[in-house]
Every structure is written in structure tokens, then in C-alpha cells.
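One structure is given here, and the rest of the page talks about it.
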Amino acid sequence: MANSLYQKHIISIAELSRAELELIVKTAGQLKAQPNPELIKHKVVASCFFEPSTRTRLSFETAIQRIGGSVIGFDNGGNTSLAKKGETLADSVRVISSYVDAFVMRHPQEGAARLASEFSNGVPVINAGDGSNQHPSQTLLDLYSIFETQGRLDNLDVAFVGDLKYGRTVHSLAQALAKFDNNRFYFVAPEALAMPDYICEELDEAGVKYQVFSDMESVIPELDILYMTRVQKERFDESEYAHIKSAYILTAAHLSDARSNLKVLHPLPRVDEITTDVDKTPHAYYFEQVENGVYAREALLALVLNESL
């Protein structure tokens, strides 16, 4: 029996079922424990990044090679002949998809991954980020990291801190965790960077409990997961940014009353929002989280390219 992810476009977390998310998390754990360099042997995967990326691109390309695949592609689409000659994205996708078995793509334009899926001639498209819209593989590694540290994906207390308005990682993770039972969310952000209304409306419809806070200190003792994000300086004037930034900097002292199982996650890169003394605490998990990106992406690629896995 074919798994439901076989040959499926991975465009948005919202389009993945709870069962599919659980399958990816389970497979990631299996591949971390027991590597399999034959899973996509003789498969060729395009890694096409139309805007610069470090972690996501290297993580995907590592994952492809560790499970036996080959990689073609580029890491700065603006410098390719495709862009310089004025070729449309649709035509570029048509051409590249004729060479490969799967198509991993990052693009600055929202909706670009969806467009690519319409012109890929049936080749599965994996969205590696389209503007501020979606970044599903980041959410998959977040889910795997949560499961690895907590042993479950339900009945969790999770705080999202920082830029909740523009941060695509927090939108997708909230949507994913809403598919599981009895999760409780704490949204900690300045009013100008609050979680978007559409996410809150989705949570209301799903019956997910959430609370809104302006500071994080009072919620830390209640948490299993503390998901930090960067407050973006460019969205504020200097005086406002200085005030907001200081309210959302996590130090080791903040964790003195934390639950023993609390883990701090961050999509990286961090700037000032987590001080380096947190790195030495048992709560820090953001570098392990980055490593888990390889296993989550191995699992995703293996399931998309193997009918019976």
C-alpha cells in the first residue's frame, strides 16, 4: 500500500494531515537511529534557491546525499541564465522538472511554490520557503524536535515569542500543533507584532486554547516548549526597537523556575534574543534542532519518493 505522501507536493503544512505529520516524525526518528544510504538511490533532486539560504539549502542537500540521491541546482537564482534572460518561473520549472525526480525550491515571491507545482509535470515540489508565506520543512524539524524532547505532540504548553506577525515559522508551527489534542499556546509579542488574526481564527475554529502576553517571564514556568524568534529591527524606529528588544531577550536567569523538561527552540539565526549563557543550560535545544533538520528532510524526501516506505 502506497504511503499518502508518495509523489505529493509539499507546499503548506495546512495540507498535511495529522497522520502524515506523525509518519514524517516517526520516519525521521528511524533514520536518525539507523541511517539508510539506499533510500533514494538513482534519484535526482533539484535544489533551486532563487534567494540566498544557508541552513535550509545545506540541510536539504545533505539529506538528499545521505539517503543516496544526487543533487543538481543553484544557490542564487538571480545569477542564473534563467533570470538574466528573463525566463518566467513557470518555464524554468517546466525545464528543470524534466531533469529530476523531485524539486526543492525557495523563492522570494509568496505563492511561488504553488505556481511551481502547477507546471512541474507531476514532479513533486517541496517548498523550502516562499516569501513570508510558508516554510513547511522547518515546521517538520520543529515537530520532530518537540517529539524527541517531550515524547509527544499533544497536551503541550508552548510559548511563541518575538515576531509573531511576520514570522512564517510560528504560523506554520501553530497550525501543525493545532492538529494534535489539548495543546495550549502562549503568544508573547509587542502589539505591533502580534499573531495574525487569521491564525487566531483558525485556532478558535479548532478549539485550541491560547493566551496573549506582552512579556515572557510570567509564562516560562508553565511551559514545555519556548519557541523564540527574532524581533526585526527594521520594523521599528530606534527608540521603540530598543524598548521592545529588551523585553524579548532570553537569559539563563529567566530559566531558573522553568520545568525540567522545558526546551528552548529557535529557527535561527539568532541575534540578541537568546544570550549565550542559555547555551550552557539543559534547556537549550536550538543547535540540536538544526541537526534534526537533516533527519526531518531525509524523512520527507524518502516518503515523497518511495511508494511503499
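Placed from the backbone N, Cα and C atoms, the Cβ positions cover glycine too.
For Arg55, Thr56, Arg106, His135, Gln138, Leu268, Pro269, the entry in Swiss-Prot reads carbamoyl phosphate binding site, with the evidence type sequence analysis. Summarising the environment of Gln138 (carbamoyl phosphate binding site), the number of other Cβ atoms within 10 Å of its Cβ, over all protein chains shown, is 25. Under the three-state DSSP scheme, Gln138 (carbamoyl phosphate binding site) falls in the helix class.
Residues or ranges marked as L-aspartate binding site by Swiss-Prot on the basis of sequence analysis: Lys85, Arg168, Arg230. Within the same chain, the residues at least 6 positions away from Arg168 (L-aspartate binding site) whose Cβ sits under 8 Å from its Cβ are Gly129, Ser132, Asn133, Gln134, His135, listed in sequence order.
Other residues of the same chain near the carbamoyl phosphate site, with their Cβ within 8 Å of the Cβ centroid of Arg55, Thr56, Arg106, His135, Gln138, Leu268, Pro269, are Ser53, Thr54, Ser59, Gly129, Pro267, Gly293. The number of other Cβ atoms within 10 Å of the Cβ belonging to Pro269 (carbamoyl phosphate binding site), over all protein chains shown, comes to 8. Mapped onto three states, the DSSP output places Pro269 (carbamoyl phosphate binding site) in coil. Distance noted between the C-alpha atoms of Thr56 (carbamoyl phosphate binding site) and Arg230 (L-aspartate binding site) is 17 Å. Among the listed binding-site residues, namely Arg106, Arg230, the Cβ with the most fellow Cβ atoms inside 10 Å is that of Arg106. Separating the Cα atoms of Leu268 (carbamoyl phosphate binding site) and Arg230 (L-aspartate binding site) is a whole-number distance of 8 Å. Cβ neighbour count within 10 Å across all protein chains ranks His135 highest among the binding-site residues Arg55, His135.
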